[in-house]
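Some features that Swiss-Prot has for this protein:
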- Asp8: active site (ACT_SITE)
- Glu67: active site (ACT_SITE)
- Asp139: active site (ACT_SITE)
- Asp8, Asp139: Mg(2+) 1 binding site (BINDING)
- Glu67: Mg(2+) 2 binding site (BINDING)
Amino acid sequence: MAIILGIDPGSRVTGYGVIRQTGRHLEYLGSGAIRTSVEDLPTRLKRIYAGVTEIITQFQPDMFAIEQVFMAKNADSALKLGQARGTAIVAAVNHDLPVFEYAARLVKQTVVGIGSADKVQVQDMVTRILQLSAKPQADAADALAIAITHAHSIQHSLTVAKQSSQAVSSEKEQILALMKTRYSRGRFRFRN
């Protein structure tokens, strides 16, 4: 069982979503947005840090997943987004949370099945996957999608590890059986 906090960073609106993963089952715990007003950037970053810290304190997540920065046409916007993202990551690291990063395209591919999905499609699929009674707001839905992507990544890693372990175990058993057969027939000769 793991509680995952997903963050969709932004210098004006930072979405968050919290889910609990138990095996393949995902449970919605909460979501929303940290909104900053038209203050100067340092004050907005301070609010983002305080907001993420409050969410971490409230939900006690085990893992922190955040969207990677994409290359924006406007360099100033990209820098502000990077600073907001860094602020959220610092809040997570200060609470000893492991940080996982996912590209927006991968998040959309994982949740919707199409890497170029729009916000409405993401909201619809998040609502279905988490069996919510109402659609979450766009920024919260994106954050929940990031958390779902991380949960999927964990489940996929466990499945691959289990399959690898079974394959190694099976191969080991085959080698031991072959060695027993050859040994019982006297085919092994030991040299000094």
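Keep in mind that glycine also has a Cβ here, set from the backbone N, Cα and C atoms.
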(request) Would you mind reading off the Cα separation of Asp8 (active site) from Asp139 (active site), to the nearest angstrom? (result) 6
(request) List the Cα distance (Å, whole number) between Asp139 (active site) and Glu67 (active site). (result) 12
